[in-house]
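K.L.:
Sending over a structure as structure tokens; questions will come in a sec.
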């Protein structure tokens, strides 16, 4: 027996369909209209013959040919696909009645209630009853199974017609009589499914006969739908028979049902491909953003690692300004990009898990961990560069100070040694008197004292030159040359001094006149003069201090120096008194002085001049020290301001980090409420940015003032910057986690109560409130939720009932080691030993919900390919939207299996590839 319709194989004995009751109430009076009866007779006869011809027979007269019940039973066997009881072959009336009753009993067994239709009336050839019986059969076997969007039978068939004809002009299907009179609805149905058969734009609404004949002829020739009505019967009737039209239209529905399946399959494929295209775009965006960020880091690190030394403080301060510009202008956008990159990666992975796709694995070197590693390297280089700049500024300041001090002392020394070689090499004692020789000898002794006094300055010059070399002073060559020249000259002076002394001592025995007063003057004037020169050097000496204690030490030393001035002045007056005594003795004894003191070149006038100059320098030194003290007081005030702001900001960041931790654990209210609360919380945190900017301003002032320590706070700007960035990143990640939970809930159909239960269980076992479960905690959490897998059995995908869950807990039931290891491999792919709440939610949602699978996509492609193991590009372009058809064609491999034809594409491997190797 031919299987007419697979759907009819399902048993319908479960009860009488309520929508059939109205149709089964056969309106006998309706048949009194001859036009309607004629239309029904013609339509029903054609409908019956469309099925009877499958068994090689047909009927001519509907009320006569069914009287013996034989063709009626045959018709039911064909359309139901079932075997009826064996018919009786006798010619007597009782045999005919029995056959008809067998047919009616079969109809009733299918849940159809027959009203006022008996076997005797059919056997007697009652046309009205026969037509009513055939209509009941049509309703049950041709119309009942029609279902469109939760509507069935007549309503479903009408909705199907309305959907299919909606795009066509002049077609408005509202019923099964008048809406079909102009024939455009029939043509629209055919054109919608087979546009190659109908030129719809050529049809005219005012020519219904042509329209109807065109539709009926095309349907009979190309769709195997027999002509059931004449166009003239429909047009010539004020209101065509509804049952005849429904019967005719149901044939169109069944003829195009295959196309409907193909459309459903195409929609499924479109949905899957759209998800895949969106995911691929997100992957491309991630790869691009990751590459750009890594490239920026790659370019920036060499700049931060460059340690090319500059020659001056100004040059290094220019580098410091460039670094500050990098910190404030160039780096903040990259911090945002890094945060956005992590959020995009997490969102993409969530979407892939929700759509049952394999996890996204970025190309080598572009993992989030790689980016974090590169970022960590960048921050290390950044910290090292900043420390290097500050140390270089200190070094250059020290170098400039030492270089200036070196040249100052060298100039003084060179001034003092000027002419000394000539003095030591002259032979004046050869022609001098005894007194003159003695004077020369005493003068030489005074010179030796002076020379010894300058030894300390020479050693200072050499020490400064050595320190400049050790600090890598850029002009060390010039310093070394000048220092070497001074040292060589000093050695020559020592040798010459010793030679002259020996010469004078040889002559001393012959010369005995010496002026003790001159000698005494010379001996006292020379060290006093040297002391004054040293004092003037100290008063002009540059100084660098970094705190109040250092400047106060200098002020104390200066005050001690001033306290010695009175005693020094007494010494000056005593020296001047010696010179006065010389003049007094010479004047009282009539001695004519030859001129200057023969033992020294230091005159009383030079002593007074230097004393006045030194005294003028004292108040200048006072003012300079006081200005530096004021500066250090100002710096100390700046330290206190920075410390106050830093302590406030540090406490704020720490409190907010702890508060975010509590929020992420508690998560009260719905996910939407949590998301709203978190975003408001994020706005509150961002409103604190002016305080950070204020702190940055203080930090800039401190750096400009070259302040390198702060005893008022343990916070540094670097620590607070890192803390602030971590705070912003943490709140962004928490918001992203809630958004992913909403996405998971909506995509997987998880209720709010389930999420609360999962959160409560997770928090219960998160004893340390770290936001992650250790392996044993996670295992206990699964058991508390009733996850029952033992002895390494494959998971069932369902959670047990509440009673059984309690039993599991009370009996101490546990997961098998192998199964638990498999689960840990899913929720902790990196092997960290901890399970985050997002990973826990993803696992629970995967265990309790269904998703599209590769098998479903393969089945959909198989429908489009008409059950072939391959599909062609033409079929894809016909069934799918253009962009998704080309997407498939570009990615499907050629089919090389059995019955392959040119251009055949392998849709099976393509479908499994969409879901990864796990679904193969």
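Just so it is clear, glycine is given a Cβ too, placed from its N, Cα and C backbone atoms.
The domain 'Calponin-homology (CH)' annotation in TrEMBL covers 38-142, 151-257. According to TrEMBL, the feature coiled coil maps to 272-299, 437-471. According to TrEMBL, the feature domain 'EF-hand' maps to 753-788, 815-850.
Let's see these features in context: how buried, what's close, how far.
P.N.:
In the predicted model, the domain 'Calponin-homology (CH)' (38-142) has a mean pLDDT of 86.
Residues 395, 398-399, 402-403, 405-406, 409-410, 412-413, 416, 423, 428-429, 479-480, 483, 486-487, 490, 493-494, 497, 500-501, 504-505, 507-508, 510-515, 518-519, 522-523, 526-527, 530, 598-600 of the same chain sit 6 or more residues outside the coiled coil (437-471) yet have a Cβ under 8 Å from a Cβ within it.
Each residue in the domain 'EF-hand' (753-788) gets a DSSP state, and the totals come to 23 helix, 3 strand, 10 coil.
Across the domain 'EF-hand' (815-850), DSSP assigns 23 helix, 3 strand, 10 coil.
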K.L.:
What residues in the same chain, six or more past the boundaries of the coiled coil (272-299), come closer than 8 Å to it by Cβ-Cβ distance?
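P.N.:
Here the qualifying positions are 334, 337-338, 340-341, 344-345, 347-348, 351-352, 355, 357, 360, 362-363, 365-366, 370-371, 374-375, 377-378, 852, 857, 880, 884, 887-888, 914.
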K.L.:
How do the residues of the domain 'Calponin-homology (CH)' (38-142) split into helix, strand and coil according to DSSP?
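P.N.:
Within the domain 'Calponin-homology (CH)' (38-142) the tally stands at 71 helix, 0 strand, 34 coil.
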K.L.:
What counts of helix, strand and coil residues does DSSP assign across the domain 'Calponin-homology (CH)' (151-257)?
P.N.:
64 helix, 2 strand, 41 coil
